[in-house]
Amino acid sequence: MPQLPLFPSFPPHSPLSWRTLQKSSIKVPGGQIEVIESLISVHSPLTISNPGIRNLNFCLALVILASAVNGYDSSVLNGLQILPEFKKHFNSPDGSTLGFMSAAQNFGGLIMLPIAPYVSDGIGRRKTLSIGAFIIAGGAILQALSANVGHFIASRGLIGLGITLITNAAPVLTTELAYPTQRGSITALYNTVWYFGSIISAWVCYATLRTLTGSIWMWRLPCLFQSVPAVFMGIAVLFIPESPRWLTAKGRDQEAIAILAKYHANGRERDPLVYFTYGQIREALAIERQINQTTSYLTLFKSAGNLRRMRIVLALGFFSQWSGNGLVSYYLDPVLENVGVSVASTRALINGGIQIWCLFVAVTAAMLVDKVGRRPLFLMSNAGMVVVFICWTITTALWTTQENRPAANASIAMIPIYFLTYSIAYTPMLVSYTVEILPYSIRARGFAMMNLTVGIGITTNQFVNPIALKALGWKLDIVYCCWLFFELVYIFLFLVETKGKTLEETAALFDGKEVVQNIENVGNEAAHQRGHRYRPMEKTTIVADGGMELAMSRRDSNTRTAGSEENAIGGGGVYGARAESRNSTNASITKTFEASTPSSPVPLKSWR
């Protein structure tokens, strides 16, 4: 019979899958348990036939819509530049004017960036999403009614404020609400859904180009359309569940348990999965409160291990926007004009096709992350971009200087090849890799720093690229070739592989192997304390419908613990908290579980 822990304790936010459950040794109160048979054999299918999972994923689809809204808003200017009526209304903006129009959205985002986490933690993820969505809708309406460049820039800045709010709250709510075994794939989908919005933006612009010739609504309608999904999302998210973690942090434990039961266990509050998830939330919050007393943004740069992490995190954030994608993504229209694509409808078709291609590549790459590994994908991505940009530079130069038509066609062909090389690493892994190499105590701050770097990168290249493109023309590609080669060398020297490792194991890659042992000691100590606090139980049987029995056992009080090594992690770095300081924290968590522990076998109807 498979062994099933009633109160298993996984590391906070660790990747979890049925494969992990089958093969990994996991911490439970009183010791470790080896899950050797598939837990899914007694769990209802995680498909639309499971009402809880079905309703949960429908709710998450509404949350993930935030990424599509972001994709539309971030890409619409690229399509607008192709429209003749847009150029006519704003006197064919270029250079610094076009740079300000493009970068205004990110200026607004940077202003909101340090505020957004406090809003999300203060009023909740749902309300933050709703407020951000309505701000975007208001900005979109103002953008569509812009009378001049100044009005357009102001409306873009307002949209940027809203985008920062929704992109701060949506990924967090997705992670905190998703079913444990689906969290990884759903989070990956969140990143790739950006392209859905981008695709819609491109094709809306193409449709207005073909149907509204000579009308000012040729460019106003794509701007106004931004408000439609934003308003829908702003209303819809008010009817989805709040993050159980946020509710627990606010002392609303019963609401959190009710949400977990409804969406993770089909309404059964005493389902073992509910205990598992709720226990993980409580422990994570307790650790966070403990560590946040002694950490700050300066902690990111104090220890040698953190410096190693931050040199990767900050570099990836900047590389994600300065790998030539800013030139191609935001200024595709002038780039295509440089290689002789003079027909506006052709440029619009190329823009729309590229967005569909990027979506396909991003989804495919997300499925390869755990199979191929992080480092190989990043190296292939950066090496590929170097080769593509060298070829692109040569073909663009031949067209510009000699009007070589085959060279111009080759330049156009390089665009989807470039996005293939970029999207196999930076689209699926920028966020996920950053999160997994940052320890829990500095994860939020480190992630905020990465977002800040991304915002600065977007803002600067959106402002600099049109000026440089106007001044240098095709020679700007030479600058990017040199920079991309630097990126490749940097990735080769500093990027660390994390494939197949837990969040705790990544510490050994940055802080030394002894840190892993220290973390294990603390976990064993907490498990030992819980083992004494729970009522003695050698063997308890959980009876499922149909007669299936799941047995679980706990080690006796003679189980070896790490109590003698409780001060092992008294040093510096992100794991500098002393083991003994966790005693009261573990005791309070255990006391909560004691009050909830069922005294009789738990029916597993929701697991059938």
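Even glycines carry a Cβ here, placed using N, Cα and C.
According to TrEMBL, the domain 'Major facilitator superfamily (MFS) profile' annotation covers 59-499. Across the residues of the domain 'Major facilitator superfamily (MFS) profile' (59-499), the predicted structure has a mean pLDDT of 84.
As annotated by TrEMBL, transmembrane segment applies to 97-116 (among others).
As annotated by TrEMBL, transmembrane segment applies to 128-147 (among others).
What TrEMBL records for 153-173 (among others) is transmembrane segment. Residues 63-64, 66-67, 69-70, 73-74, 77, 100-101, 104-113, 116-117, 119-120, 125-126, 128-129, 131-140, 142-143, 146, 187, 190, 226, 230, 233, 243, 431 of the same chain lie 6 or more positions beyond the ends of the transmembrane segment (153-173) yet place their CB under 8 Å from a CB of it.
Outside the transmembrane segment (193-213) by six or more residues, the chain places 64-65, 67-76, 78-80, 82-85, 219, 221-222, 225, 229, 344-345, 348-349, 351-352, 354-356, 358-359, 362 with a CB less than 8 A from a CB of the stretch. Annotation source TrEMBL lists transmembrane segment at 193-213 (among others).
The feature transmembrane segment is assigned by TrEMBL to 219-240 (among others).
Counting same-chain residues at least six beyond the ends of the transmembrane segment (312-332), those with a Cβ under 8 angstroms from any Cβ of the stretch are 75, 77-78, 81, 98, 102, 347, 350-351, 354, 382, 385, 389, 415, 418-419, 422, 426, 430, 433-434, 437-438, 446, 449-454, 456-458, 461-462, 465-466, 469, 476, 480, 483-484, 487, 490-491, 494-496. What TrEMBL lists as transmembrane segment is 312-332 (among others).
What TrEMBL lists as transmembrane segment is 352-370 (among others).
The transmembrane segment feature in TrEMBL is assigned to 377-400 (among others).
The transmembrane segment feature in TrEMBL is assigned to 412-435 (among others).
Using a Cβ-Cβ cut-off under 8 Å and counting only residues 6 or more beyond its ends in the same chain, the transmembrane segment (447-464) has close neighbours at 96, 99-100, 102-103, 106-107, 109-110, 113-114, 117, 297, 300, 310, 313-314, 316-318, 320-322, 326-327, 330, 430-431, 434-435, 438. The transmembrane segment annotation in TrEMBL covers 447-464 (among others).
Beyond its flanks by at least six residues, the transmembrane segment (476-496) meets 308, 311-312, 315, 319, 322-324, 327, 374-375, 378-379, 382-383, 385-386, 389-390, 392-393, 396-397, 437, 465, 468-469, 506, 509-510 of its own chain at Cβ-Cβ distances under 8 Å. Summarising the annotation, TrEMBL assigns transmembrane segment to 476-496 (among others).
For 557-608, the entry in TrEMBL reads region 'Disordered'.
As annotated by TrEMBL, compositional bias 'Polar residues' applies to 582-599.
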Among the ranges 97-116, 128-147, 219-240, 352-370, 412-435, the one whose Cβ pairs under 8 Å to the transmembrane segment (377-400) are most numerous: 412-435
Cβ contacts under 8 Å made by the transmembrane segment (412-435) with residues that lie 6+ beyond its boundaries: 13, 171, 187-188, 191-192, 313, 316-317, 319-320, 323-325, 328, 332, 336, 339, 341, 350, 353-354, 357-358, 361-362, 365-366, 368-369, 374, 377-378, 380-382, 384-385, 387-389, 391-392, 395, 443, 446-447, 450, 454, 498
